[in-house]
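Copied over from TrEMBL, here are the features:
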type: SITE; residues: C:ASP119; note: site 'Increases basicity of active site Tyr'
type: BINDING; residues: C:ASN157; note: substrate binding site
type: BINDING; residues: C:CYS179, C:HIS216; note: Mn(2+) binding site
type: DOMAIN; residues: C:211-435; note: domain 'Glycosyl hydrolase family 4 C-terminal'
4 protein chains.
Amino acid sequence: MIKNGNRIEELQIAYIGGGSRGWAWGLMSDLALSPELSGTVKLYDIDKEAARRNEIIGNRLTLLPESQGEWRYEAVDTLEEALRGADFVIISIVPGTFDEMASDVHTPEKYGIYQSVGDTVGPGGMIRALRVIPIYVQIAEAIKSFCPEAWVINYTNPMTLCTRTLYEVFPEVKAFGCCHEVFEVQKLLADMLADLKGITGIRRDEIKTNVLGINHFTWIDRAEYDGKDLLPLYKEFAQKYYKEGFTKQKKEHWMNQYFDSAHRVKFDLFLRYGIIAAAGDRHLAEFCGKAYLGSPEDIAYWKFNLTPISWRKENRIRLMEQSERMVNGDEPLKLKGSGEEGVLQIKALLGLGDLVTNVNIPNIGQMSGFPLDSVVETNAVLSQNRITPVAAGRLPAEVESLVLRHVANQETTLQAGLHQDTNLAFRAFSADPLVSIGVRDARDLMQEMLLNTKEYLPGWELG
Amino acid sequence: MIKNGNRIEELQIAYIGGGSRGWAWGLMSDLALSPELSGTVKLYDIDKEAARRNEIIGNRLTLLPESQGEWRYEAVDTLEEALRGADFVIISIVPGTFDEMASDVHTPEKYGIYQSVGDTVGPGGMIRALRVIPIYVQIAEAIKSFCPEAWVINYTNPMTLCTRTLYEVFPEVKAFGCCHEVFEVQKLLADMLADLKGITGIRRDEIKTNVLGINHFTWIDRAEYDGKDLLPLYKEFAQKYYKEGFTKQKKEHWMNQYFDSAHRVKFDLFLRYGIIAAAGDRHLAEFCGKAYLGSPEDIAYWKFNLTPISWRKENRIRLMEQSERMVNGDEPLKLKGSGEEGVLQIKALLGLGDLVTNVNIPNIGQMSGFPLDSVVETNAVLSQNRITPVAAGRLPAEVESLVLRHVANQETTLQAGLHQDTNLAFRAFSADPLVSIGVRDARDLMQEMLLNTKEYLPGWELG
Amino acid sequence: MIKNGNRIEELQIAYIGGGSRGWAWGLMSDLALSPELSGTVKLYDIDKEAARRNEIIGNRLTLLPESQGEWRYEAVDTLEEALRGADFVIISIVPGTFDEMASDVHTPEKYGIYQSVGDTVGPGGMIRALRVIPIYVQIAEAIKSFCPEAWVINYTNPMTLCTRTLYEVFPEVKAFGCCHEVFEVQKLLADMLADLKGITGIRRDEIKTNVLGINHFTWIDRAEYDGKDLLPLYKEFAQKYYKEGFTKQKKEHWMNQYFDSAHRVKFDLFLRYGIIAAAGDRHLAEFCGKAYLGSPEDIAYWKFNLTPISWRKENRIRLMEQSERMVNGDEPLKLKGSGEEGVLQIKALLGLGDLVTNVNIPNIGQMSGFPLDSVVETNAVLSQNRITPVAAGRLPAEVESLVLRHVANQETTLQAGLHQDTNLAFRAFSADPLVSIGVRDARDLMQEMLLNTKEYLPGWELG
Amino acid sequence: MIKNGNRIEELQIAYIGGGSRGWAWGLMSDLALSPELSGTVKLYDIDKEAARRNEIIGNRLTLLPESQGEWRYEAVDTLEEALRGADFVIISIVPGTFDEMASDVHTPEKYGIYQSVGDTVGPGGMIRALRVIPIYVQIAEAIKSFCPEAWVINYTNPMTLCTRTLYEVFPEVKAFGCCHEVFEVQKLLADMLADLKGITGIRRDEIKTNVLGINHFTWIDRAEYDGKDLLPLYKEFAQKYYKEGFTKQKKEHWMNQYFDSAHRVKFDLFLRYGIIAAAGDRHLAEFCGKAYLGSPEDIAYWKFNLTPISWRKENRIRLMEQSERMVNGDEPLKLKGSGEEGVLQIKALLGLGDLVTNVNIPNIGQMSGFPLDSVVETNAVLSQNRITPVAAGRLPAEVESLVLRHVANQETTLQAGLHQDTNLAFRAFSADPLVSIGVRDARDLMQEMLLNTKEYLPGWELG
């Protein structure tokens, strides 16, 4: 990497995963739209074909006339090839296939346990974590060997345990996890200002928020626009739309149907706890036991959706076909900003302008009341070659208690995953608020789920 | 009170409550059997008739030939009369009637929530706490006014919140809570030594235990007999009796049927967490959500009992009749040691011999990892006019997490009760692991339960 | 205050103190050089004449052709007049006169205690704090009454206790303390890069530092330029100049003679503790007992200076004469950036661009290992109407111990000052590392110093 | 070891050190006076001749008609021989000779630093610690190898660092440190009751105290006799005898002259801090910098003594001569209770009766506000095969700060000793409140002291 004033050349990025496409193309666009940056992106995916298609698409995107940075994409065969010389490592993988994910999400339904996503906490998130931990152990060791000074950006879920595993294995790693869920809440606050105050055109990054918690169960205890406190307004907003929910008038898009909500869970949580729950309702609900996930009817009442794996499979086919068309030239390529912050973060870390945003990193004190070293999500200042979390303060006692039980479970899951320990795994599994079933059923359920995913659990003794 | 060498004369004890009889008679017997003590017991109960009957019974007991201490029992009409001049205050009340308790225990069954006792945590324990808090506020203020130097022994449940309220209102109070649940586990360990090692005749106080946690969810991480570690043996014991449960051969007694268990919950918890859960299975189960309380069948499987309020009502009639007979002289009075430690504790605090036992008092550091000032149960040294908790150390992470969520709920419940705050009450109510139902149902349930008990909730606005 | 896009109009600033001139003129210049800002500055000083002179000078400065913001200066007679309607409050006062300061600095010399400044810790700083506390109690109450929403910037020493008192009296105050000592160390690091690497022209704000500690005893455990770690270079630098000291070639200026040093104390502390002590040597030395202040010869050896009060008095006359000439028009007025950050901070808080800089505010967790609520100095993000400290992490154990004893002393001094408690005052006084004398002498010394300053100690009983 | 009811037979005790005699003879007497115990004491000392003399004396003592326990004393040649099979290990050694101790105590006098004992903190205590650490590393490893289940009682100074080293090297060690300084303060409180209230004949163990702090800088914040608070009385006592000091009328004995004091330091500390400093004045003074140790005149004013090493050398000769006479039969042997608690502690750990007393063990929470694992002195319950510290609570803020700086220094000293690190050693050395001299002098002094003791500092690079 070479820095010439405000231009960075020969930057080297390792992209691990990305075969699932959406994320990768967004990043490619964002890179192409950054005049200050140029370099090479090495694509590594266990699905080599997917990596090769992305190579083709990336190299085409960079040739578009509106493309500003010069980038070369190169699919590689090994993790080592991707990592050697990397300045940045981006990780966005799927642990296992959608078949394993189907087990994560749907097996618990036999016991009346519904999960809207199944990739963070709950029985599904926990089993997914057990799959992801050995993969991240391997990645962490490779980073330690091949690019210990690189910055590592994680997008994989479960975010907390992916990031936590990297630090556990290689404590000096310069890694952080990124998630756009808080952004969506900032957008909601902007929509609120339009709805209640007629102030339109506000960008989500003009809404200033103090973020506390853990990924997908983050909270906002201060929010301001133009220096004014937004919490009293949010109370009004939550009360106004509590019953009906709030939906922004917008073009319907198939992609949104399973991810959208009417924010009723968020409103209910606000009215209960007095601060803003800051993630999508689908994610929030999974941390709250059966409160919003009692039954399919319950979920419909709260106006959010379960995300069936069948949809993910269909969507994957659509993306593959789209990828095919893009590779074949049947679909014109377009540069379009992703709205994600990945490239802004890279620029900040390269010294091209500080950025304050929310990231997932180990707790050095930014979350008072949380154990040190657990991975938390708060704002941080990203500046040249450094991330410094802000001191976010402390959650209200009742919210803190809700969050801390998940932190405890995640730490136990980490140890279970590192040591292939079924007993520890069950401590975490049975303590999840969604696993509110008899302990015998819980044992059976966990065993079934582990067996369904056993291919990805090397070293485990599974009966 | 006058101390003559090892004899204490003119000791004054205020007994608040006790109309429910069993506890009172046990204490009366224990006092009568203590040659070192004599004095007056002032009996105050809102059921004045009950107090008067106890007065008669107490005075008769003291006349029995085998009685050694000289005691005078006196029913009084006001709290003030009971407390003025008291050296010790014993509190053992029932907040509300069995009708309110029936609501505590049985209303949640409509939503599939079963409670084996309903007086500690869970929806029932929490509503009971709301009833008890204003009563204890009043008692604490009276103690502050009339006998601030007295030692206060609490037997009422919910133990933690009764004791906590006393300290919140009058921080200098010299109060502690006592409970015999740990004793029963020490007896079980003695039975284990008989069963596995053939060592018989061990008294439960010869089993040395380190106690950690909160009342009815206490744990033992070290247990010794004759200096030998009992945990490896307990593992063997738990495995041996895991399936069938362990029942000591003993005379069947009606009183035991609802209180007994086969310890299967305890064995399961031990095999899951590696340390000994130290309370009756009925109590332990209530802290663990649906794990052992999924359904009546589940409960039968785990071999413990729900305690229906109908039984309590019948038992009460039996006790009233017995009381009648004792007052009328139709039933001969007998002195019989209660097996409780109350009088031993009184003696220790009077300087007649140190005692190390488990008590419930505010945390000054004895429970590492727990918030200061929350009421915890650990061992303490009782010596003349002083209780000093021992540093009990820290629970294993997963157990700590299970216990801390209840500590947080109890603190919230206290604030809800002190401020008659429905919103705070619902934070605690909905966070209880047993309230694993939709948030709408939870709201309905709490509202119904509050209304059922509203006579005992002065100052609350209940829709 | 009116915000028009990026222009702020009708801003109202209360300037409390400032009669000592230097600081006030710098701020006036900085305001005049800020095209985005205009408004009114209300000047309040107990020396009304000084305020009136500053009014004249300020209004003249704003008329200079190169002046960009439109400002009106107005001397007022009461604190209330200054504060009513204020958006910002700037406090820069001298507690007592130079006679009291002479006692602070020189009385301890009778006992062999030398102080290089005498305004922060040590016997002088502590007695100064006792004078300043009642004044800040009064200011805090006035802010609470007249402008509770205003931002308050404190420049008075002792910085920590001034800021701490504001928060103690009015916990919602939006106050922070500013100090340029860390800037000087950033400049030293820039000089180091020139000296060792030939890289010149680096601005001090291009040196990125992580700041930890308390005012005048701050430390830097990470420092970077262009993303590169500067600590290894600083080690080289400290070793190279350890013996001779480092002095930048620059025009000699009388003002610098007492404030300058050759950084030998800093180098010695670095070689002892491995991180950078980040304040002037005169300040650092006072926190370290006799290590660098054993005798005048010792001080000369370490190449820094004691600052005699006689010099301050002479300097004050020079400034008064200069003020006279400026008022009379005998000395031409010039606008000249002060190098201070006050106006940058005001702009950031007005929403004109975030700023990361070091400030003194209560600890909400930014300094791990320090008591909550104690005032600490770390970096913070200043943004619109908000200051968010960054999580600075933790000092090495030995440095932490050195700093924490001063934190403890400051908390005791605060209580002593608030309650006029001589016994508490002596606990703090005698625990200062500089007061390394017999306890009898220490009592005599404190008593003499208190009597010397008794006019400023209302409510104290001083024998 | 065999337990027969209340009799313990074939107990095996390893006595490490003891060549300095006084301690050893006391223990031998106490053992002989214990009818419940019998067994073997293996004596190991690097001065083999001393061990052999003790063997002879011990075996003679056990033959005295009034001797009740049957003991066999056996001098052994290796640590291993002493430890193999041991149930208890008693360690009471002198690290180095009196020549090294002379350097510890007297070398600092060149710089005006006076030490009344020189074996705990201060420059002397710290250098002594560096000698003792490698010896205790060796002992800890031997215990781990040869008797890992044995209870280890340490009497060597510096108590804290000896005990701390054992736990650092072998965390499972069952070790504790014992010191009689608190007992002396309990005796003083008994004398106070005689002096002020005419209550005589009170045994020191009837005075109940809550002990907080570290060895030789312990504090008592609650003290009671017969359930009554003694602190108000102690205030009266301290004021009455503040000027003249308090001396009990007793037979003069040469042994006491250097160890005695008039308690003026204790009284002064009480009047300053409101709680009782609980060690001899000679020890307390050394923790307080120059407060009571400014000069020999100062020390005389406070009515305590420096303990010159010349006296220790002479005393040693006296003890050797006495030993000689005892071995030769020229001096009749007598059994006389030592007043120490060692044998009581042994009995308690053998299950012959609980004992609550003050011991030095790692902090598991018994000292709130102190770092975990640092060795602290509080009360503990000694029972069969277990020591459980009581939760002692927290020191007042100002006292806590005074004590914590020594805790920090001790931790640094430990690391310096374990890693032979001169730089770390100087951090601790220079931070000691007594080392209140210029940093250059401090370096010279430490270097000289290290060289004087270099024979006992294997692995150190000392210029």
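Every residue, even glycine, has its Cβ placed from backbone N, Cα and C.
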Collapsed DSSP category at C:CYS179 (Mn(2+) binding site): coil
Rounded mean pLDDT for the residues that make up the domain 'Glycosyl hydrolase family 4 C-terminal' (C:211-435): 93
DSSP three-state assignment for C:ASP119 (site 'Increases basicity of active site Tyr'): coil
Cβ neighbours of C:ASN157 (substrate binding site) where a neighbour is any other Cβ within 10 Å: 25
C:HIS216 (Mn(2+) binding site) CB neighbourhood, other CB atoms within 10 A: 27
For C:HIS216 (Mn(2+) binding site): DSSP state (helix, strand, coil): coil
